């Protein structure tokens, strides 16, 4: 060993011998120290999500537009700004907690109003108003202490003092010069006299700029730049002194002359020039650690898209109890859902276009627009739309947090720069089962593959037509799938002449057999189990009886609700079943119903409406009754105009299906039973017409009474048993509504068509499917992507023609796909 120390070895042994819990605590602390910067960002964003005020809005915007864009790390000025701003915010919130302010006298009335000015600003009176601010300040001081321990807190000032002050002069004159963000404010003092600098060295600056642009080595650029500085160092010191004195003279002159316009212009330049230089250096860096986090940004946008779809009610007004499925089934598209989905999808398309064009400037502009736009929408517009504060909207808070993750990834992408080559799909980087199934799932999403192919063709420089582009993409996807299968065959080889194992045959084959059987018998199994196992009892809420005779005025109307609708108790239900002992048809019918599915309705015998019929119609109805025999069917029966008993005319048991009108149950009303024998079991009723004379004239109404009631009541009444069918749960109602034949036509036949395509027509694709080795074809597709990215468009045409010829020539395909020897 090159270095040996007994104390270090003893320390290492002592550390390894500690308990695992203590080692875990050490590891967590080291992780916290290594990611203290991210901890500060997280606490600031969490504080803003909970407070949702203008006071806490400043720091999140500074994080995404300053801190995360700083190279290589946020400067001391940012952390001091965050610390001082947090301290000032705490003092302001504390000052406005006193009760003598007018808005603090009605806190309970105004605390939930989103547009109440103190709530918007963040100075409202509330408990725990400063808890998260103190945690934020603690995190900032913790990060500050870590930077000081590692000597990074004063790194910017040391760099400025040790690198000769003439660097600021040259870097200001050179647009491509990289400086630390902490030195940006110092360049303001030199910006006022930038004309004098250009006057002294116009030719030399131009020469340096051209040399740096034409040079391919960053090292040569740095060396030439430093040698040029050393030659004219003394003159630059004189120029800086003169510039500083002239700037002080200008400031004194502005103060003496009281020129407010000049002072305002100077202050504006003092703020504008560092910001402009910061973003200019960001877009034109000396060095860039190229990275590609587009996949993570796309996943963050996808999660936000899913949150919008399943939590759309959180972005609209009076829609907290809404359901997107019911809204779409009624052909109603909520406005909030439509706006949020279109905006989210539009940003994903724009982000894809910027990624394909590799334009950092466009990404910076898009980042600035999104940061300001999203924060303005979420914290100023959305609370007014939903009429509730952002801190009370959990779904919106979750959406905003995921969007903050996207902002952080975007800032990292801007800081590092876009990759120079974008080759293929991110799922095709390795050849295993995970990538295979994920890639096939990606291709199964409707319109996603087509949309991606068209967008790539639009925003990528190429000489291929759209059809040729899609042809290359399809060939590449097909070859990638074959490559994954060939790799799996290499990992799990099958010896020659050995039969397939029973595990493989019964595992794969048995699963396919079970799957096909389930598909074939799915409608029958589904419809039988949906109501018996997962069915919901559908109790009637209202039972109405209307008796009419021909086309004349109804003679009897009555309804039963609430207390008049009763369920059977266990004793009544058992007695009801015993009454049909020996009746096979009735018992078979009763097997499909439980006790809670049967409802007894008690209807009053007196009609709830008077019998108002004109004398001519009355005489005509009497004459018609004398012409034919008495007959009673569900709603029509013959009767005596005064009092009469009608035998076996009343349907005592009624079935209430979920999809049709109620009808009598023939199995219970007719059949063989010990009590009734082989006869009809329809009940007898008595009908009578009651007349009541008064000063206003004679009034008539009908009274009906059932004779064979199970519940013996002295007053005239009717008794009715309703058997209610179970209904499917709402979540499966869209499938149950099709019925058995509908499921066979819409589900089984469609699935069967796809299965048939898998088992038939294989012979036509053998020459493209059975390829022993696809490495050469895969390399040819990758070469097409590579020359396209490097701008060799003529070579792209040649390679594409070679690929097409390969698929047109079976002999050449055989030579290209042979196993390597």
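Just so you know, glycine gets a Cβ as well, placed from its N, Cα and C.
Ranges compared are 231-255, 256-280, 506-530, 531-555, and TrEMBL records transmembrane segment for 506-530.
Same-chain residues lying 6 or more positions outside the transmembrane segment (398-418) and placing a CB less than 8 Å from one of its CB atoms are 41, 45, 49, 60, 64, 68-71, 282, 285, 288-294, 296-297, 300-301, 303-304, 307-308, 311, 314, 355, 358-360, 363-364, 367, 370-371, 374, 378, 390. By number of Cβ pairs under 8 Å, the transmembrane segment (364-386) is matched best by 39-66 from the list 39-66, 293-316, 336-355. Per DSSP, the secondary structure of the domain 'Piezo transmembrane helical unit' (34-154) breaks down as 82 helix, 0 strand, 39 coil. With a cut-off of 8 Å between Cβ atoms, the residues of this chain six or more beyond the transmembrane segment (78-96) that come close are 40, 44, 55-56, 58-59, 62, 66-67, 70, 104, 118, 122-125, 129-130, 133-134, 136-137, 140-141, 143-144, 147, 181. Averaged across the domain 'Piezo THU9 and anchor' (291-528), pLDDT in this predicted model comes to 86.
Spatially, the transmembrane segment (430-446) is adjacent to the transmembrane segment (466-485); three or more Cβ-Cβ distances between them are under 8 Å for residues at least 6 apart in sequence. Sequence-distant contacts of the transmembrane segment (14-32), counting only residues of its own chain at least 6 positions beyond either end whose CB sits under 8 Å from a CB of the stretch, comprise 39.
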